[in-house]
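Residues annotated as active site, proton donor/acceptor in TrEMBL: D294. Residues or ranges marked as Zn(2+) binding site by TrEMBL: E143, H211, H232. The substrate binding site annotation in TrEMBL covers A154, N235, A236, R243, H272, L328, S329, G330. The domain 'Amidohydrolase-related' annotation in TrEMBL covers 62-401.
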Amino acid sequence: MPSNKSVSDAPIVQFTNCRILRDHQLQREDLWVREGKILNPEKLFFDEKGSADAQLDCKGSIIAPGFIDVQINGGFGVDFSLATDDFKSGIDLVSQKILSHGVTSFCPTLVTSPPSVYHQVLPQISVRNGGAHGAGILGAHLEGPFISKEKKGAHPEHCLRTFEAGAFQDLLATYGSLDCVRIVTLAPEMKRSSEVIQELTKRGICVSLGHSVANLSQAEEAVQHGATFITHLFNAMLPFHHRDPGIVGLLTSDKIPPGRRVFYGMISDGIHTNPAALRIAHRAHPKGLVLVTDAMAGMGLAPGRHTLGQQVVEIDGLNTYIAGTKTLSGSVATMDTCVRHFQEATGCSVETALEAASLHPAQLLGIEHNKGTLNYDSDADFLMLNDNLYVQATYIAGQEVWRQDVSGM
């Protein structure tokens, strides 16, 4: 057998009998992995004269990039917006548990909170690679407190803030540090928001528009200053109106700077967005759709009372409300459920549904060269799924980190 040793001593694993999602299509090919990366088999054969050290029969499974959740408030009893002594063990628990739902990277999300919470929690979040310990952390998503009182949703009104004379300095004082921050959701109609958007963008932080009463021109101006995302489209924003479609109008705006794409998150849980609204958004701007769970502490738990930051929420089936009201508050949907619902509701292809939870969030965060695809040299974070898009196994850096118990399939 030819030797692999010319380039690396690391073992090469060949995944056979599978359909790989590559170049927007499911292709009958083998997947080759070495040292946590996807390998180009042609280079292996012709340059290295190498071959696989181990083969794994995938039994006809789909192999797709790992899911990336850019808006998740917690789960399994853990609330990322609560400053606790064991915060790190909480984030570890969530990162471990979401592996079974196909999530290989995520952005822990904090809802509107007092400055003291940000100051305590953010230093405890660090960007890290995924592995057997759990999904990778890409950085925090701070949803608020610089949002509209009229569209606060489940965010506590007494914690909302505006940009005062200091603008960006106000934001820094509120959060304490931006070291681990990846996304900030704010309302673009706020005074001085443009300079804040520019400052955040300059630092490589993604600015998302949400919890807002902005009209379309205000939203377009925010995009021109660097905003690239919309937080849970249709939820907590002005409803579409034909004379001024508001933030929703960004999906078909002709004032987006050349070469820029606006992405938008959607909670595809069958509760937050009517299937018809999901179809409208997808048909208007398919390449911008990013599936998010917006999951909270109650995900994975029995119905009852749980927390979302400063608020008490009640779970009733798949509905989650601020206790004593009918105000929706986050979701208890898992990412794999969202992918299946999206595919069923829109009738889109399997490839499209899978890319909305992998390629598109990676593009939003500018990490598509490493994650969100199965291109050669990208990270070997991938899933095995059956034809109904149920996750059978999860891999991070080429290592199996979760597998469905065969008796439970």
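Cβ from N, Cα, C; glycine included.
TrEMBL labels come from automatic prediction, so no person has curated them.
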### Task
List the same-chain residues at least 6 positions away in sequence whose Cβ sits under 8 Å from the Cβ of S329 (substrate binding site), in sequence order, or say none.
G153, A154, M296, L308, Q311, V313, T320, Y321, I322
### Query
At the Cα level, what's the spacing in Å between G330 (substrate binding site) and H232 (Zn(2+) binding site), rounded?
10
### Query
In angstrom units, rounded to an integer, how far apart are the Cα atoms of N235 (substrate binding site) and H211 (Zn(2+) binding site)?
8
### Message
Below 8 Å Cβ to Cβ and six or more residues apart, same chain only. Which residues does that give for H211 (Zn(2+) binding site)?
### Response
E143, G144, I147, S148, K151, K152, G153, H155, T185, A187, T231, A236, M237
### Long-range Cβ environment of L328 (substrate binding site), under 8 Å and at least 6 residues apart
G153, A154, N235, I271, H272, N319, T320, Y321
### Message
I need the CA-to-CA distance for the residue listed as 'active site, proton donor/acceptor' versus H232 (Zn(2+) binding site), whole Å please.
### Response
8
### Task
For the domain 'Amidohydrolase-related' (62-401), provide the mean pLDDT of the predicted model.
96
